[in-house]
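Per TrEMBL, active site is recorded for Lys12, Asp137. The domain 'GHMP kinase N-terminal' feature in TrEMBL is assigned to 67-144. Residues or ranges marked as ATP binding site in TrEMBL: Pro95, Met96, Gly97, Gly98, Gly99, Val100, Gly101, Gly102, Gly103, Ser104, Ser105. Residues annotated as domain 'GHMP kinase C-terminal' in TrEMBL: 194-255.
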Amino acid sequence: MTERFSFPSPAKLNLFLYITSKRADGYHELQTLFQFLDFGDDIEIEISQDPEIVLTEILENVPVEQNLIYRAAKLLQQQTACSLGAKIRLTKRLPMGGGVGGGSSNAATILVALNQLWQTGLSLEQLAEIGLSLGADVPIFVRGFAAFAEGVGEKLTQCNPVEKWYLVLKPDVSISTALIFQHPDLPRNTPKRSLSELLSTNWANDCEKVVRDHYSEVDDLLAWLVQYAPSRLTGTGACVFAEFDSKEEALNVFDQKPKHIQGFVAKGQNISPLHQKLNLFPNA
Ligand SMILES: C[C@@](CO)(OP(=O)(O)O)[C@H](O)COP(=O)(O)OP(=O)(O)OC[C@H]1O[C@@H](n2ccc(N)nc2=O)[C@H](O)[C@@H]1O
Ligand SMILES: Nc1ncnc2c1ncn2[C@@H]1O[C@H](COP(=O)(O)OP(=O)(O)O)[C@@H](O)[C@H]1O
């Protein structure tokens with residue numbers, strides 16, 4: 001029987017997110033702080049001797065060729081001229097398109113895991129470079145350390161924010177990243193600040209007001225959460241999170257959430273659970 005290996009594919013939060021400018025190509029320059037969570041998807045992999053990439057789970061509304069897992073595996077195969085393949089089983093727990101980075105994390109886990117299993121020998125830096133072509137957040141998940149990201153997410157500075165407990169909730173609405181970045185009311189000129197200055201201020205997310213103004217589900221949930229703890233949007237939403245000093249406090253609020261709202265409690269991690277499991281020691 002072929003051996004099957006299991007790898008974590010963690011969520012991330014944007015603990016703060018500021019938009020400092022819009023580039024000529026339409027993309028926005030950000031200053032954002034990423035931290036991983038000890039909660040996420042799981043990916044099981046069996047190596048095969050033929051080059052086929054087989055996904056055993058189908059994601060709703062995502063054709064296989066567009067699945068970031070498939071695309072990441074194919075890209076690594078091509079870049080390294082590898083003749084091996086893989087059978088890949090995904091256990092999806094993270095809400096899709098929710099601002100917790102599930103798709104980017106899946107792509108990164110595949111790059112790091114297959115690089116080990118196929119013995120293709122690329123460094124985390126090389127894998128991050130390949131990952132950037134799949135999405136702006138993929139390099140963060142490949143490098144595996146909590147980071148202050150600038151540019152569109154490619155300039156990373158390793159960082160050690162406090163590893164708090166978070167309650168993450170998913171309002172029952174789906175929000176397009178592209179639409180938020182196109183919105184005329186989005187603040188785009190927050191002054192650039194040094195990391196030390198940012199770390200000593202109260203944190204915010206520049207996308208939050210536009211999202212709250214247009215999605216009452218997000219507005220209502222944040223208005224409810226903020227009664228218990230400091231709460232914000234992650235990424236461009238739709239997920240929101242509240243921060244706590246203990247698991248008990250986070251679980252206590254989780255127990256009181258509206259019944260139809262999905263969510264989870266998790267602890268912040270400055271080293272990705274993937275890198276912890278593989279004993280990789282990421283550094284900037
Ligand atoms: C802003 C973040 C923060 O984590 O939001 P979330 O996706 O996590 O919510 C991410 O960096 C998002 O990265 P990613 O999810 O790869 O974005 P993409 O799909 O490439 O972007 C969709 C569209 O949003 C716009 N976009 C995206 C990122 C950026 N820095 N500036 C932009 O203007 C572009 O128009 C792009 O075509
Ligand atoms: N393996 C995957 N997991 C999740 N989403 C995927 C995957 N492959 C492709 N996608 C697409 O990428 C989009 C963004 O996914 P995701 O990274 O979860 O969002 P976000 O960056 O907002 O957290 C999804 O809506 C989906 O269409």
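Any Cβ shown, glycine's included, is placed from N, Cα and C.
Here the features listed in TrEMBL are placed on the structure.
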residue	record	Cβ neighbours (10 Å)
Lys12	active site	27
Pro95	ATP binding site	20
Gly97	ATP binding site	19
Gly99	ATP binding site	28
Gly101	ATP binding site	29
Gly103	ATP binding site	25
Ser105	ATP binding site	30
Asp137	active site	24
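Taking CA atoms as the reference points, Lys12 (active site) and Gly97 (ATP binding site) are 12 Å apart. Annotated ATP site Pro95, Met96, Gly97, Gly98, Gly99, Val100, Gly101, Gly102, Gly103, Ser104, Ser105; additional same-chain residues within 8 Å of its Cβ mean position, judged by their own Cβ, are Ala11, Leu94, Gly235.
Break the domain 'GHMP kinase N-terminal' (67-144) down by DSSP state and the numbers are 44 helix, 7 strand, 27 coil. Proximity of the recorded positions Pro95, Gly97, Gly99, Ser105, Asp137 to ligand 1, judged by a Cβ distance under 6 angstroms to any of its atoms, singles out Gly99, Asp137 in sequence order. Each residue contributes its Cα atom, and for Pro95 (ATP binding site) and Asp137 (active site) those atoms are 16 Å apart. The domain 'GHMP kinase C-terminal' (194-255): residue composition by secondary structure is 30 helix, 9 strand, 23 coil, according to DSSP.
Candidate recorded positions: Lys12, Pro95, Ser105. Not one of them has a Cβ under 6 Å from ligand 2.
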